[in-house]
Amino acid sequence: MRKIRFKDLKVGQKITIAFVTAIILTTIASLSVLFNLKKVASLGDRLYEESYKLTNSALEIRRDIVSIDQNIMNELMVQNPADTEYEAAVIGSIDKINNKIQAMKSIPGSDKGLITKLEASINNLEGEFNKVNDAIKRGDYEAAKEMVINQNLEYFSAYGESLGSANNLYEESKSDAKNFHNVIHRTVNKSIITSGVLIGISIIAEVGICLNITIRLKKPIKEIEEVSNKMADGDFDIYIEYESEDEFGVLSNSMTQMSEIIREIINDTVRVLGEISVGNFNVKPEANYIGIFENIEHSINKITEDLSETMSQIDAASQEVEAASEQVAGGSQMLSQGATEQASAIEELSATITEISNKIKETANNASEANVLSVSAGHEVEDGNEQMKHMIKAMEEISFTSNEIGRIIKTIDDIAFQTNILALNAAVEAARAGSAGKGFAVVADEVRNLAAKSAEAAKNTATLIENSIKAVDNGTSIVDNTAQSLQRIIDTTNKTIVLIDEIAQSSEEQASSITHVTLGVEQISEVVQTNSATSEESAAASEELSGQAQMLRGLIENFNLKETYNSNKKSSEKHMNFNVN
């Protein structure tokens with residue numbers, strides 16, 4: 001069985017070994033740290049459950065002993081046997097002390113001797129308290145006070161012994177706590193040193209393995225990188241020295257094989273393109289184009305076929321262009337001649353349109369002048385109509401005044417008739433009077449004559465006024481007819497003004513349209529002249545194109561096309577020769 005070298009392992013296996021080693025070392029260090037942490041936690045629990053509780057209970061007991069003494073002193077100060085508050089407080093403190101002592105006995109590691117001594121001193125203190133309390137209940141406060149204050153009596157001794165026992169227990173617990181603290185501190189230091197050593201060993205081992213793997217991987221990576229850069233620069237003449245059964249060894253062999261295949265394909269492609277560059281399209285690839293390189297082979301074959309087909313079509317098209325250019329040259333010459341004739345006809349048409357435009361402008365000017373005259377005449381007729389309206393109003397006033405005069409004349413005629421009747425009555429009365437009434441009869445007769453003359457004058461005046469009124473009515477009728485005629489004249493004049501204005505506007509629009517037509521004809525003339533020049537240029541270009549087509553055919557003869565397109569080219573030449581003939 002062949003020995004497996006670390007060099008031949010897969011990259012993944014090498015990395016796995018490094019990671020497994022690092023994990024194992026890290027696990028050992030972690031387990032060591034966890035063991036020490038668990039030990040520290042156990043010591044911490046003991047410190048709390050033993051030393052801390054003992055110390056705390058000792059402090060509480062000492063405080064309760066002091067509280068007993070204070071309550072006894074308070075009871076002495078009150079001097080009231082009925083007040084049991086302080087007595088109950090003392091009894092409660094003693095009960096709490098006894099409970100704490102029993103709890104301390106159950107704590108592991110406690111000094112049972114000190115606890116027993118403390119219990120005995122508390123019992124002694126309780127007995128002395130009972131003595132003092134009995135004296136207080138009897139009302140013998142002096143004796144009770146003497147028992148408490150006198151240092152030579154039992155109470156003071158029992159109090160001091162109890163407080164001392166509590167202090168001794170506190171100091172002992174405090175010393176145990178300090179010892180636990182020192183043990184924990186040593187354990188922590190030991191854990192730190194052990195963990196540091198293990199972590200250091202782990203780091204050194206991991207760094208060593210990583211450096212070994214890095215050095216082993218760096219060389220093939222660098223060599224592959226250099227080869228890749230050469231290939232990127234177009235140099236496929238490469239060689240990789242690295243040999244191994246890992247991924248980099250496989251990659252090196254693949255890159256060497258790839259460079260050989262690509263170099264062979266490139267050389268064959270250069271050969272084919274060289275043939276194409278000298279006009280030989282009847283060439284095929286000879287190398288083995290594999291994979292994606294098959295597209296290059298297909299592209300080369302397609303290029304040669306397409307170029308052969310394109311050249312064949314260009315040759316056929318050049319022949320057709322040559323024949324067509326000759327026809328275009330002939331047609332261009334005919335087009336140039338026709339364009340010259342069109343230009344002459346358009347110039348005559350332009351002169352005629354210019355003359356029409358001048359006539360239309362003259363008509364527009366005349367219409368504008370007629371419009372001005374019509375407007376002036378309309379104003380004069382409107383003024384006459386206004387004067388006629390004033391005349392009608394004056395005649396109406398005359399008719400009204402004549403009617404008023406007629407009524408006055410009628411009144412005068414009535415007065416003359418009444419006067420005549422009065423004169424007649426006066427004559428009758430004068431006749432009755434006889435000779436005495438003759439003078440009055442003469443006067444009555446004269447009055448009657450005057451009344452008759454007044455009636456006659458009034459009648460004549462009424463006749464004249466009636467004739468005047470008839471004449472005024474007749475004149476009013478005539479004036480009304482005249483005013484209506486003037487109004488019709490004004491309406492007709494306004495319509496005439498509108499028509500003349502429309503004629504003037506139409507004439508101006510016609511003049512503008514004729515101007516645009518003139519411009520259009522001039523543009524047509526320019527286009528025709530341009531077409532004439534373009535036709536001449538087209539004829540010259542067609543002749544030049546025919547020459548270029550012949551030259552293109554000569555160039556295409558230099559290319560070696562595919563066999564199929566060579567036969568098509570010959571048949572096309574025959575066809576074109578047949579068409580030309």
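Cβ from N, Cα, C; glycine included.
TrEMBL lists transmembrane segment at one of the ranges 72-95, 192-215, namely 192-215. The coiled coil (300-366) scores a mean pLDDT of 74 in the predicted structure.
Non-local neighbours of the transmembrane segment (15-37) in the same chain are 9, 187-188, 190-191, 194-195, 198-199, 201-202, 205-206, 209-210, 213; each lies 6+ residues outside the stretch with a CB under 8 Å from one of its CB atoms. Counting residue by residue with DSSP, the domain 'HAMP' (215-267) contains 39 helix, 0 strand, 14 coil.
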